[in-house]
């Protein structure tokens with residue numbers, strides 16, 4: 001260290017270079033840290049400072065006639081290297097570097113800087129520097145090749161303040177690194193070994209990654225070939241998703257060309273093809289993927305199928321949604337959560353009010369489209385939507401999904417003024433779109449969700465609503481929770497009691513709330529509307545005698561061999577089947593072989609339509625949260641078979657080992673295709689031994705919400721009324737609609753007037769209905785979206801209790817008129833004497 005300080009005291013040029021590099025790197029890091037918002041203008045201004053520092057050092061070297069020194073060139077090129085990355089913020093040549101690449105860039109730069117002090121380093125230091133220079137050499141060669149297509153343009157652009165010279169910085173770094181290595185390697189043979197290690201490690205990493213790329217591509221080809229030979233009914237992409245490894249490496253390879261830069265020798269080499277499908281994730285630059293795509297060839301799946309795999313396996317449905325306008329400059333600035341809990345009804349109503357800010361600073365492209373995906377607790381339904389237009393809250397209207405979609409696309413895609421639309425989606429999610437979001441005004445919208453509470457033993461839990469969308473990191477959140485009456489055993493960490501059974505918390509946004517309390521006795525007061533009453537009953541699971549003749553095992557990677565061994569004695573004397581392209585019989589002879597093959601599947605899609613004699617069949621499954629949705633099977637042979645099966649499907653007894661159920665089976669469960677049982681292996685064995693399984697208690701007048709331990713009954717009693725929340729009707733209608741939609745989900749004939757009327761009455765988002773806010777009455781009129789009549793309308797945290805019937809309204813008006821007449825007569829009409 002003393003030697004280095006001595007060198008600095010004697011060599012003012014090197015000292016100046018190090019000071020300028022420190023300033024430039026520090027300034028660059030501040031910009032990358034996010035502490036200051038970089039617009040396109042300020043980003044170019046920040047580059048100007050980095051560039052200016054490199055020019056200062058250039059003239060320092062020039063004035064000191066130091067261009068013959070390799071050390072001076074090394075420091076100057078490091079400054080230009082930093083400047084090049086600063087320029088990349090404004091003129092995107094390569095996408096965001098992945099973390100490991102950022103680390104290699106910094107280590108390579110440090111290697112060059114420390115090479116300046118070669119004579120002052122000890123033995124270990126010299127070997128470390130040579131090792132880093134070996135890595136740096138490959139990095140600089142890579143960037144030199146990557147920028148080849150820019151060289152001709154850059155030559156003609158040199159006159160523009162020399163900015164285009166940054167294209168040649170990697171070439172200069174490559175040359176200077178080679179020259180430094182030629183000098184340093186004279187000091188010993190062991191240094192050559194250090195260099196070899198520095199070069200070999202990146203090359204081996206590239207080789208391994210390229211081998212894995214080819215391996216996964218081979219697995220893709222084999223899965224497609226086997227599916228084709230077997231005349232499989234599942235789409236090729238689903239079969240591929242079942243069979244390829246589910247890990248970060250495979251995810252990167254699937255994202256190649258969609259998120260990660262790849263080589264396209266038939267097009268524009270390294271430059272992105274702007275015709276790529278929409279996928280809302282920042283583009284990234286990973287040299288491993290670039291090199292693998294060059295030497296490993298293209299993948300055997302088209303981009304659309306790979307996006308479907310990402311949706312199914314890596315929870316990327318939100319990123320894959322269709323966009324009409326860009327939204328990459330949007331962020332969620334604040335979140336207001338208003339939770340109203342009804343413990344005696346085991347219900348909750350949650351309003352999420354979100355404020356969207358647009359950071360766009362360019363004069364063009366200021367209008368952004370915000371897309372949110374809200375994840376709801378199981379059994380929940382959206383019952384309100386509002387959008388603030390010109391500072392005023394405008395509430396939504398409910399219409400068919402087709403009308404809402406048509407209006408939104410016309411208004412946003414063509415006319416470009418204010419709408420918001422909310423659509424129901426599979427998997428307990430809804431999507432919300434808001435347009436336009438401009439830098440001049442923050443946009444605000446509100447979504448209301450009706451949810452059942454989760455009952456576990458004698459405790460109730462509130463399950464929070466979270467969302468994907470414009471980033472909410474750092475967003476402020478205010479949460480208010482209110483009760484009609486404070487329940488016993490209330491646990492609300494982080495909340496303050498503000499009086500009147502209301503609690504509040506201010507914090508940075510978090511995607512969950514933890515609220516638990518003891519379950520009070522269930523309220524029996526009904527809610528009345530439109531000639532019907534809706535009241536709660538305690539749900540007590542009932543069993544019926546059931547001795548399955550056939551057992552169907554839905555095998556996949558979630559099963560352990562121990563679980564199958566444990567189950568086998570209880571089912572071995574029955575006919576046992578599994579599905580591997582077709583139904584096959586499981587026996588003691590093929591037991592282990594079948595498990596070894598089926599346990600490699602990431603998920604399974606069991607064809608319930610192929611179960612013979614469903615009235616005496618038991619389907620046993622163990623689900624994963626990542627798998628295709630029911631709608632993903634649309635138009636496939638598998639989907640067509642389900643289309644023919646569902647209208648006449650008889651209920652099947654299904655037992656789910658554990659709590660997770662695949663999205664495919666979860667959708668069928670919501671449509672009441674199954675009599676649903678779940679628990680551990682011991683409970684399953686007990687059911688099998690006693691020949692007793694769950695008995696369905698639902699009919700046209702009853703819906704069961706098992707997770708809340710309640711049943712909602714529809715009655716004709718409208719005389720008994722009280723303060724029951726209107727959410728009873730909303731939850732009943734949603735579950736009833738799902739029962740009716742199920743048989744016709746694929747043929748889409750479920751959009752029937754009676755189902756639409758039921759959704760309108762409850763004012764809920766469903767497979768047949770969407771919520772939309774338009775700017776003016778004229779917009780509603782021209783799209784034929786009428787005001788909702790005979791409807792609960794948008795839910796509100798202020799609304800609860802029975803709504804008068806039309807006849808009751810008339811009676812109220814008559815009574816009011818009579819009272820007014822009597823008061824008038826008493827005051828103004830004098831009796832005759």
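From the backbone N, Cα and C atoms, a Cβ is placed for every residue, glycine too.
Where the annotation comes from TrEMBL, it is an automatic prediction and has not been curated.
Taken from TrEMBL, the feature domain 'VIT' applies to 318-451.
The transmembrane segment annotation in TrEMBL covers 12-36 (among others).
Within the chain carrying the transmembrane segment (42-61), a Cβ under 8 angstroms from the stretch's Cβ atoms is held by residues 13, 16-17, 20, 23-24, 27-28, 31, 36, 67, 69, 72, 75-76, 79-80, 82-83, 86-87, 89-90, 163, all 6 or more beyond its ends. TrEMBL lists 42-61 (among others) with the feature transmembrane segment.
Taken from TrEMBL, the feature transmembrane segment applies to 73-91 (among others).
With a cut-off of 8 Å between Cβ atoms, the residues of this chain six or more beyond the transmembrane segment (97-118) that come close are 3-4, 7, 14, 18, 21, 71, 74-75, 77-78, 81-82, 85, 125-126, 129, 131-133, 135-136, 139-140, 173, 176-177, 180, 183-184, 284-287. Per TrEMBL, transmembrane segment is recorded for 97-118 (among others).
The feature transmembrane segment is assigned by TrEMBL to 130-152 (among others). For the transmembrane segment (130-152), same-chain residues at least 6 beyond its ends with a Cβ under 8 Å from one of its own Cβ atoms are 93-94, 104-105, 107-112, 114-115, 167-168, 170-171, 173-174, 177-178, 180-181, 184-185, 191, 194-199, 201-203, 268-271, 287, 290-291.
Long-range contacts of the transmembrane segment (158-181) within the same chain: residues 51, 70, 73-74, 77, 80-81, 83-84, 87, 112, 115, 118, 130, 133-134, 136-137, 140-141, 143-144, 146-147, 150-151, 195, each at least 6 residues beyond the stretch ends and with a Cβ under 8 Å from a Cβ of the stretch. The feature transmembrane segment is assigned by TrEMBL to 158-181 (among others).
Taken from TrEMBL, the feature transmembrane segment covers 193-213 (among others).
Positions annotated as transmembrane segment by TrEMBL: 809-826 (among others).
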Model confidence over the domain 'VIT' (318-451), averaged pLDDT: 92
